[in-house]
Amino acid sequence: MTRHFLDIHRLEGSELRAILDDAHARKAARAGWPKGRADADAPAKDRVLAMIFEKNSTRTRFSFDAAIRQLGGASIIATASDMQLGRGEPVEDTARVLSRMVDAVMIRANRHEDVENFARVSTVPVINGLTDRSHPCQILADLQTIEEHRGPVAGKTIAWVGDGNNVCASFIHAAPKFGFTLNVACPAEYHPDLFDLQKGGAAVHLTGDPREAVAGADVVVTDTWVSMGDQDYEARLEAFDGYGVDDALMGLAAPDAVFLHCLPAHRGEEVTDAVIDGPRSLVWDEAENRIHAQKAVLAWCLRG
Ligand code: CP
Ligand code: NVA
């Protein structure tokens, strides 16, 4: 069966754990190697990954490209506006064509349904590289980063502060799968969707108070208040007043708590310079781990 990586809640906990373990192992095995050298097992040898971007990207684009090369494969990258997709060719027809030309497809899409529809007809693995609804690859890199610095994520408490957005949704999906508690602090009008909260179940606690969410937490995470595609910038700045992560808020977390942000960051909005540049911030390791986590996802997809 074709293995798609569309959302964390669609995989078994044991499969996800194996992917994360592979990410740790691949990173450890190539410590100090030049970035262009392939891993010893080269599981993507002779394989081609296509990447389609409907939205901007720095980390996802460069890390997937580096990842497929380190797995021994090659990539083809296009923005949707370069493609007939941008002139209205149906996603399903695009999927049928690319299935004949490449071995896997990563898509960053405006509408989550488009990735689902692409995967429905694709005969090669499809990976969600961020949609309006979720960002599963990011969360694997985040969990890898936490485990590198603080040991197993199972049993930990993670506090999400800010918008109940796509990245938050994937954290929610991950909580019961990896056995951590997720405290989510959002203004009422920017809560996560009920669908996602149901996937998180008892592992997720929702509050309107950032201090309550962060109290004693092992990890504090935030993201932009205005995601790609959001139009209501002014209303959001007003609604998220008091949700910025600063030293005072970090001071309520566990004494050895760490800070994560998927980037790009809006310094002075969701996080202060002092926190993101401070000793508890792991954001650069987190960005690097996009490569290692995505290699594990690609290897899992290509093994299917
Ligand atoms: N975190 C993340 O996905 O970054 P990009 O938008 O730069 O890919
Ligand atoms: N929530 C952000 C994440 C960017 C990586 C967005 O969707 O714009």
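Including glycine, each Cβ sits where the backbone N, Cα and C put it.
TrEMBL lists SER57, THR58, ARG59, THR60, GLN84, ARG108, HIS135, PRO136, CYS137, GLN138, CYS262, LEU263, ARG290 with the feature carbamoyl phosphate binding site. As annotated by TrEMBL, L-ornithine binding site applies to ASN166, ASP223, SER227, MET228. Residues or ranges marked as domain 'Aspartate/ornithine carbamoyltransferase carbamoyl-P binding' in TrEMBL: 3-148. Under the heading domain 'Aspartate/ornithine carbamoyltransferase Asp/Orn-binding', TrEMBL lists 155-301.
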### Query
For CYS137 (carbamoyl phosphate binding site), what residues in its own chain, 6 or more apart in sequence, show a Cβ-Cβ distance under 8 Å?
PHE5, THR60, ILE127, ASN128, GLY129, LEU130, ARG290, ALA293, GLN294, VAL297
### Query
Which of the binding-site residues ASN166, ASP223, SER227, MET228 has its Cα closest in space to the Cα of GLN84 (carbamoyl phosphate binding site)?
MET228
### Message
Checking the spread of the L-ornithine site as listed (ASN166, ASP223, SER227, MET228): what is the longest Cα-Cα distance, in whole Å?
### Response
12
## Note on the structure
Here the 10 Å Cβ neighbour count for ARG290 (carbamoyl phosphate binding site) comes out at 25
### Message
Quick check: in three-state DSSP terms, what is CYS137 (carbamoyl phosphate binding site)?
### Response
helix
### Task
Quick one: give me the count of other CB atoms within 10 A of the CB of GLN84 (carbamoyl phosphate binding site).
12
### Query
Out of SER57, ARG59, HIS135, CYS262, the binding-site residues in the record, which is closest to MET228 (L-ornithine binding site) when you go by Cα distance?
SER57
### Message
Counting other Cβ atoms within 10 Å of each residue's Cβ, which of the binding-site residues MET228, CYS262 comes out lowest?
### Response
MET228
